[in-house]
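To keep things clear, I will list the structure first and then write my remarks on it.
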Amino acid sequence: MAAGGPNSGQPQFFSRAGDESFSHAPLIENTETDQIVVPDKKSWKNLFAYMGPGFLVSIAYIDPGNFETDLQSGAQYKYELLWIILLASCAALVIQSLAANLGVVTGKHLAEHCKAEYPKVQNFILWILAEIAIVACDIPEVIGTAFALNMLFSIPIWCGVLLTGLSTLLLLALQQYGIRKLEFLIAFLVLTIAICFFLELGYAQPDVGEIFYGLFVPQLKGSGATGLAISLLGAMVMPHNLFLHSALVLSRKIPRSVPGIKEACRFYMIESGFALLVAFFINVAVISVSGAVCNSPDLNKEDQMSCSDLDLNEASFLLRNVLGKWSSKLFAIALLASGQSSTITGTYAGQYVMQGFLDLKLMPWIRNFLTRSLAIVPSLIVAIIGGPSGAGKLIIISSMILSFELPFALIPLLKFTSSKTKMGPHVNSLAITILTWIIGFLIMAINIYYLITRFVHVLIHSDLQLAAVIFIGILGFSGMALYLAGIAYLVLRKTKKITHLLAPTTEESERLSIEPSKTSAYNLPSEETVSMQLPQRIRTTNDVN
């Protein structure tokens, strides 16, 4: 089943239920765009055609930011915060599936919907917040890469931060061999760290009962645990991933029928579930190893010091018993691969965000350079002043920023996928709608609670004069009020009566069949969006089978 024109025997993927005038209209007019074509027949083998986007998105769940927060939560609270990983992974599966569904059903990604839905001022604010989230996501990658270079070549952390700017050039050099080969290489290297920690998991022999207790019994002991819980949540469910996933699914040409779209949504959920399950096991292994080793009664004084302020630069000692003197090198290689693979997804997410919100497209290397520069500046300052410890704390802070940013990407996604005017027969069911809003409100409630309690604690224990405390208090609570007002606006604002469906309802099909002259440009994915997809050749039926 090859891609081509009507005379090539290729099926077309823009069919309308009850409207034969659309049977020969292609989904994408640009025949030079590289896409994977999904056969127009029901088969479990179609799953292989959908494999890819979920695994690219899952890279963000095992990036340096995740490893940093996992290591610290295990060292400080043993297995007590494992339930956060379980909760975040389940929430991530539901949320990422909604992001994929939005792109599959409408042919537009989340940023494009935001631009069409909100007024200019609100749209600009959402774009700024999305850019901040991408920079906050890039900071752990910068610091993680710097730590890896320090372990491999004894390069000072601040020098490593500067050298991470060169990763843009390295990334571009490797991309000429094809993004698939690059992703396979990086996935293999990232898998190295998973294997190392699973081996160490067998050596450390943590108490299985305690692990299950930590997974299924929620507990937060103190503000420090709350802060780490928010960091774990922010490191797991990332705002930029919602923009990315809704766009990556557009790299497939799917049958534009109700059954075809349902199949695509189902297979994308299966693929995402498998990818996120792997990421979940890796995160649980990292926390369990850190918790078992750092809470062992036989730990020597040197390792006790490392556990008291555990960061990525000190974590290689956890693998020493399994890998010996090579532990630091292998850990560093995997950490380097993790940071660079996250750079790829962050770069593409930034491109989609800029194109969607502003209709502005930059070359990938320019986009990567700008984002990386914004991440390097704070990382460099903290690395020079605070050293490795300060750089490690910056990773925690950036993860918390991502958690606070999440509502401004999550709420629009929930609104759009729950809107029948946008999703038609593929709108979220009542059960999914209730579940996703409960997840969203729980995340927001945790964030707001931590924000208020920490701010009040800082004000009460501050050594500043009363006038300064009052002034800071007014500014702080005004910021909180603005934050809550922004969330309330997104929640309460009604969705516009605009339909972006590529598979419309029967009534719309009848209307369009009467006005065939308007069908050629009816809600096709923009050429700019499709042209930014990860390079992939068009597959035939034989390829998929």
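Cβ atoms are placed via backbone N, Cα and C, with glycine included.
According to TrEMBL, the protein carries these features:
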TRANSMEM  47-62  transmembrane segment
TRANSMEM  82-104  transmembrane segment
TRANSMEM  124-149  transmembrane segment
TRANSMEM  155-172  transmembrane segment
TRANSMEM  184-204  transmembrane segment
TRANSMEM  224-251  transmembrane segment
TRANSMEM  272-293  transmembrane segment
TRANSMEM  330-349  transmembrane segment
TRANSMEM  369-388  transmembrane segment
TRANSMEM  394-414  transmembrane segment
TRANSMEM  426-452  transmembrane segment
TRANSMEM  464-492  transmembrane segment
Proximity verdict for the transmembrane segment (426-452) and the transmembrane segment (224-251), three or more C-beta pairs under 8 Å:
yes
Residues from the same chain, set at least six apart from the ends of the transmembrane segment (47-62), whose C-beta lies under 8 A from its own:
36-39, 89, 92, 96, 100, 137, 183, 186-187, 190, 193-194, 235-236, 238, 240-241, 244-245, 248-249, 251-252, 264, 267-268, 270-276, 278-280, 282-283, 338, 341-342, 344-346, 534, 536, 539, 544
Looking only at the recorded stretches 272-293, 394-414, 464-492, which one has the largest tally of CB-CB distances under 8 Å to the transmembrane segment (124-149)?
394-414
Examine the transmembrane segment (224-251) against the transmembrane segment (394-414) and state whether at least 3 Cβ pairs sit under 8 A, considering only residue pairs 6 or more apart.
yes
